[in-house]
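K.L.:
If you scroll down you'll find the structure; I have some questions about it.
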C-alpha cells in the first residue's frame, strides 16, 4: 500500500539485539580471558556503557534533521566527495563484517554439524538463503530482526540455564584484582562483539511513532545485549576456569557439548543449539548484508540495492574463503573488521557531531 | 439501444433478440382494461424468479383489481403506469428503471421486468428466489461449543446471518459486481467506525481492478486480490462461519461475501489470525492457550518432522540418546533405502491416500483410510520396505497438518515439506535450518493488504497487546483492546484497565 518503509520504535530494539548478537557471543569469553583473566565482565559492561553516548549522538543527528535519511544528512554535513569516502569505508566494513560472520559460521558448522561437507557449500548456501531477505527494504529487515529476537533470547536462555547445574562460581573469585593496564585491550575486544548497532543509522529515520523514545529503546537493547554477554561470560568462566577457557576457541559450544541431560529425548543439546545459532547468525548477517548493498547502491547513486545484493554474493563468498585457517581469518578478516568497526561505530558518529556543532557555531 | 423506447413492440423485439435461444427466459404477455386495452409484458428467468410470487402479487392483482381495469379514456399512459406502480403490485421490492443494461442485470439475477405499452420505463419487481440449500452446520469448521449455523450459497441469507450478529447501523454492506460475464455480486462488509479507512480503500481498489470473465467461488476472488499470488501460503482468511466473520469485523477487519460461495473472505490475514479458530473464544482461556501452543508445534512439525528424522538418522545420530540410536539402527537394518527415499516414498503414499480419501466421500472414503493407513502401513513395515519409525513420523506429520485451523495454511506447509526433505537429505540439520531461514524470510516479506503477514510477532500491534491473543489467549476480561495490527479507529472493546 504505502511504498515508504515504516519502522516502529519497538522494532528498533529487536533489530539492535538480533544484529549485534551473532558470532561474538560464542568466542567472546575466550578472547576476553586472554587479556582480562576472569575479569572480562568488567570490560563488557564498560563497553556497553561507552556505547550509550554514541547511541545518543546517532539519535541526536536524526533528531535535528527530521525527515531525512542517513545518506542525505551525510551528504549535507560532509559534502559529496568526503561523504563518498566515508561510504567506501563503510562498504569495506560491512562486506568484511559479512565475510567474517559467514566464514566463522562455516568453520563452526563444519566442526560441529557437517564434518564431511566442504565449507564452500556451507558458506555459499548460507549466503544464497539470506540474500532473499536482504534484497528487501529496511522495514522488512527490521521486521525480520524483531521476529528472530525471541529466538536469540531462547538461545541465550538455553545456554545459560543448562550450564548452571555444573557451574562452579568460585572461578570468578577474587573479584578485586583487576589488571588496569589490560583494560584498553579488553575494551577493544568487547567492543567488537557489540558491532552491528550501526544498523540503526539505516532504520532510525523511518521510525514513525514514538520518535522521542528511540534512544531509550536503543539503550534498552544495549542493556539486554550486555546482560546476555556478561551472563554467558560468567557461565563460561564458572564452567571452565580461566586456564581451560583460554584454550577453548568457542567455549559456549564446548560447554553445551559437555552438558549431558540424561533422561531427556535429546541427550545432547549441541545440535539444537547449533541449529538455533545458525538462525541467530542469520539475523546478524542479513542486516549487515543489506547495509553493504545499500551503501554500495548509494555510492553509485542507484535507486535499488537489489542487484547489488546479487553481485555481492560472489564477492562475500570469495572474501570469506580467502583465509586458509583460523589464524589467517583473524589476520585477514578480523583485524580490519576491528579497525573499520571502530571507524564506523565510534569515529563516524563523533565526526558527525563535531561537524554539525562547528557548522552551528559558524552560522551563529 | 441504451434506454427503453416508447414503442413496446420495439422493446420486446430487442429483448427477444437479446435472449434468443435462451429458452429459460419467459415472456408473459397480458392485456388489461375493459374497453381500452393496455398491453403489459413480464420478463423473468424461469427458476431464478419466484413464479408463484410473480403470478400472485403482480399478474393476478393486475387482472383482478377492478378500478385498474376501468381505464378512463383521458388517462395518459404515464398516469396509468404510476397507478400500477403504486397501487397494483404487492411487492416489497419495486423500482422503476429505464436503463437497458440494469434491466438485463436484474432479469438475469431473478427479478421480473414489467414492460408497459407506450412507456419508456419499466417496473422491476424484486422476485429473486433461486434454488438454495438450507442453513447447515459448516463442514470444514466444526465446533464442540458455539453456534452451528454456516453459510450457504445464497448471499442474502449469508448477509442476514452476519447482520443478526451485528445489530448496529454502523455495520455497512457495500455491493460490487465482479466478473464480466458471471456478474457475481460481492458484498464488502465492515463496521464503519472501527475499520481503518486505508484498509477499506485498498480492498475496494483491488476489487475494482479485478478483471476476469467469471468468479465462480470466493477462492478465485481471493487469488485475484491477494498481495503475492505466487506464495504457497494464503494471505486472505476464509471461513464458513458467520460468527467468525462477525468477530473479524469487530476487530476492524473487512469481510467479503461472494454470491454462490459458502466461504466468506476476511482480510487482512496474518500469522496470528490464521492460527485462531472460532472455538478458541468459546472455550476457557487456559484450554485455548494449551491448544494454541499445540497448534504452533503442529505447524512446525507439519513441515519439519520428516526432514528432522532424515537429518538426525543420516547425519547426526549422536544427538539422540544411545538406546534410541540402537533401536533406530535395529529397525532400519532391513530397510534397503536411504532415509530420504524412505521419507519421500511414504510421504507420497500419504498424499495419495489423502487425495483419494477427499475425492470419494462417505463409506468408500473410510475404506480407503483403513486399507491405506492400516494395511499398507503394516505391510510396508512387515515387508521391510520402511522402518516402523518412519510410519510414525509420517502419521504425526499428517495429523499435524490437520491440527492447523486454516486449511490453506496447512496445504502451504504440505507443499514446502518436500523441499525440507530434500534439504535435510543434502545438508542435514544445517539444511533444515537454511530452509527455515528462507521460509521465515518469505513470511517476513509477505504482507496481506499492506499489513505484515508476521504481525504481531514482527512488532506491529505489540504495543497494543496483540500477543495476548496469539500464542496464548488471555481471558476475555483481559482483552480490553481490539487487536492493533488492523489499526482500528475505535480501539476499546470494553471498559477496563486505564492504559
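Cβ atoms here come from the backbone N, Cα and C positions, even for glycine.
Features from TrEMBL:
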type: TRANSMEM; residues: A:12-29; note: transmembrane segment
type: TRANSMEM; residues: A:41-62; note: transmembrane segment
type: TRANSMEM; residues: A:82-102; note: transmembrane segment
type: TRANSMEM; residues: A:114-134; note: transmembrane segment
type: TRANSMEM; residues: A:146-167; note: transmembrane segment
type: TRANSMEM; residues: A:187-207; note: transmembrane segment
type: TRANSMEM; residues: A:219-242; note: transmembrane segment
type: TRANSMEM; residues: A:271-292; note: transmembrane segment
type: TRANSMEM; residues: A:304-322; note: transmembrane segment
type: TRANSMEM; residues: A:337-358; note: transmembrane segment
K.L.:
Taking the transmembrane segment (A:12-29) as the reference, which of A:114-134, A:146-167, A:219-242 gives the largest number of Cβ pairs under 8 angstroms?
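P.N.:
Result: A:219-242.
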K.L.:
The transmembrane segment (A:187-207) vs the transmembrane segment (A:304-322): three or more C-beta pairs under 8 Å (separation of 6 or more)?
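P.N.:
Answer no, regions not in contact.
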K.L.:
So if I exclude everything within five residues of the ends of the transmembrane segment (A:82-102), which remaining residues of that chain have a CB under 8 angstroms from its CBs? That is, six or more out.
P.N.:
22-23, 71, 74-75, 123, 126-127, 195-196, 281, 284-285, 288-289, 291-292, 295-296, 298-299, 312, 315-316, 319-320, 329, 333-334, 336-337, 340-341, 343-344, 348
K.L.:
Is the transmembrane segment (A:219-242) packed against any residues at least 6 beyond its ends, judged by a Cβ distance under 8 Å, and which are they?
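P.N.:
Residues 12-14, 16-17, 20-21, 24-25, 28-29, 32-33, 37-38, 40-41, 44-45, 47-48, 51-52, 55, 156, 159-160, 163-164, 166-169, 171-172, 190, 193-194, 197, 248, 251-252, 254-255, 258.
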K.L.:
Of the stretches A:41-62, A:271-292, A:304-322, which racks up the most C-beta pairs under 8 Å with the transmembrane segment (A:146-167)?
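P.N.:
Per the Cβ count, the answer is A:271-292.
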K.L.:
Please report, as numbers and ranges, the same-chain residues at least 6 past the borders of the transmembrane segment (A:304-322) whose CB is under 8 Å from any CB of it.
P.N.:
95-96, 98-100, 102-103, 106, 119-120, 123-124, 127-128, 131, 134-135, 289-290, 292-294, 296-297, 332-333
K.L.:
Counting only residues 6+ away from its ends, which parts of the chain sit with a Cβ under 8 Å from the transmembrane segment (A:41-62)?
P.N.:
28, 32, 68, 73, 178, 183, 186-187, 189-191, 194, 197, 200-201, 204-205, 214-215, 218-219, 222-223, 225-226, 229-230, 233-234, 345-346, 349-350, 352-353, 356
